[in-house]
């Protein structure tokens, strides 16, 4: 009987223990329900869920009970999330009241967790306010049309809110991204409102400068402090907006009838006044000063053209511009050909209007033929065709178009570019490096060039006629310490990345050029330079106050930069040295007499030129003289006119008419197979700043005008072991032929042939008057030589 009584007692005690456990769990569930506030944001719910799970692990001893506790935590989390969503959709409460309740909840928590909890409350409050503002804006489109808010001000406030939160870097970037998205959305809405309100008319009167918008957009991208990929995406959006704004501005200008002004130019003084007024209306600060300088330069250029007889628009230049537009705007070869034919018709029609049907004369016809030949000359580049890359009041950097943009005949040198630097006295060119090898010639003034690599820094004083090579990737900077003379440097570049394409990377920026350091995110720069962010911002902002990459400097600083530089003839020490500059004037004269002189630096003699395989030469032809017909065996020479005027004539085996500017594939093969040995005379008048190309094997003669000497600088591509063969003068190659070879070749008695080729007593350079003294029935002194060019 006693044993049977113990069993009910055990069952009673077990039931009592289970009841106590269930009661305890119910209380815990109620506490959890109170702690998981449905009005917290998702991050708060997740944090509290983690706290709940930790309590389950610490307070529940059995594994099964701990799992049950964790499942209850998960159910509570899901329920609170559903309640929060229902309240946001159906019955949202006043944000201020929610914020106060959230703060009260934070005060009940662990003091160590209170700051983080309060920041979450603050963020939730701001987001709810923003949602309400968006809802109000949806119902106030009409009001917004009348009084739109400035998106930039909204963006500034959003950024300030992100900074006040004091979150980690990742949360900061996410917040910045949301600000960016809102900013873009507001901008699109504002543009739509402006279009609906017809603000295009106002924009025609006071248009915003697209370049200023682009600069602000870039500055905004830099302030974000995002990663490199996000920075690039932001920069791409800025470029797209710039292109769109420029198209809109061009459309506005066309509607204002500016095309008529371009076709019928008014008085230059009126154009100058209009240019100045436009600067006053559209520019501010330093950009306004730059705009005024451009107006002044334009007026001076027009004055020079009037003095040279170019007060009316040159049909030839219009034709070249039309041809370039065809090549850049039309994609298919067929459409390019049709476009070029339209250019041809317009050119002929304009010539007919200028000359008139009854005004033909032998002199005008001769001039017309000469202009026609020059217009179809793919080897000649007018100085006005150079494109400006960096321009300021202190100087300019110009570059020639890619050689294959004009014609496929120059494919052999398509990986070379020509760049010209012009700098005023007492100026400094900001440091930069480029992805191209370069050979530089000083064609005016004096300079100090410094380039820096990882191992060393080298500085050289350069004078007129000095040549120096700068390796790809070396950071270089130039000064013009002369107080009176302008500096001019001509460069031949060989890009190392993409054929025919090069880029300049400036270490220090300006208004028109960005420093490559600015593209890096703030955290990268702060860590790499060990400098606070605010100092870096001042560092970059200070640079952008400058107008361009060529700036004025004090004489004291310029002297300090040049005092340790070496000059031509001094050999720098070190195996990795560049080798220093070469003085063309100090080279042994290759050809010289009283009518001209020719100096040349070859890669066989100068290791500085060996890697690029380029020769550099300087020629001075006295006025009224000629460099006799000759050709180069291997080198294709790019010639720059340093000073003077003149002309050249060249024998060319290709059809250089406008219909034959494109030499591709089968057409080239057909031309080679059907070649009849006929040559065309390619000619052009030369003036300072012009560029022309002499392909290897092409006989050419160059003459100086009767008024001034002609000075030329040439870069010979594939210059190693090049030979220059003269076709006239005492040292011509015809005199070296055997007697029988002369008679068989020219079908004349040997005596008559020798009388022709040995008649000239001078070599290399000859006077034009002496060539035509006896007169042999030729219209031009070069005719007797160039007629033979077809044989060679």
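Glycine is treated like the rest: Cβ placed from N, Cα and C.
Copied from Swiss-Prot, the annotated features are:
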BINDING   379, 652, 654, 698  Cu cation binding site
COILED    727-754  coiled coil
COMPBIAS  182-200  compositional bias 'Basic and acidic residues'
COMPBIAS  207-217  compositional bias 'Basic and acidic residues'
COMPBIAS  302-314  compositional bias 'Basic and acidic residues'
COMPBIAS  315-325  compositional bias 'Low complexity'
COMPBIAS  350-375  compositional bias 'Basic and acidic residues'
DOMAIN    384-537  domain 'Cupin type-1 1'
DOMAIN    582-754  domain 'Cupin type-1 2'
REGION    132-153  region 'Disordered'
REGION    182-217  region 'Disordered'
REGION    240-272  region 'Disordered'
REGION    302-325  region 'Disordered'
REGION    350-394  region 'Disordered'
SIGNAL    1-26  signal peptide
Per-residue Cβ crowding (10 Å cut-off), top of binding-site residues 379, 652, 654, 698: 379
The compositional bias 'Basic and acidic residues' (207-217) - residue tally per DSSP class, helix then strand then coil: 8 helix, 0 strand, 3 coil
Segment-level pLDDT (mean, integer) for the coiled coil (727-754): 83
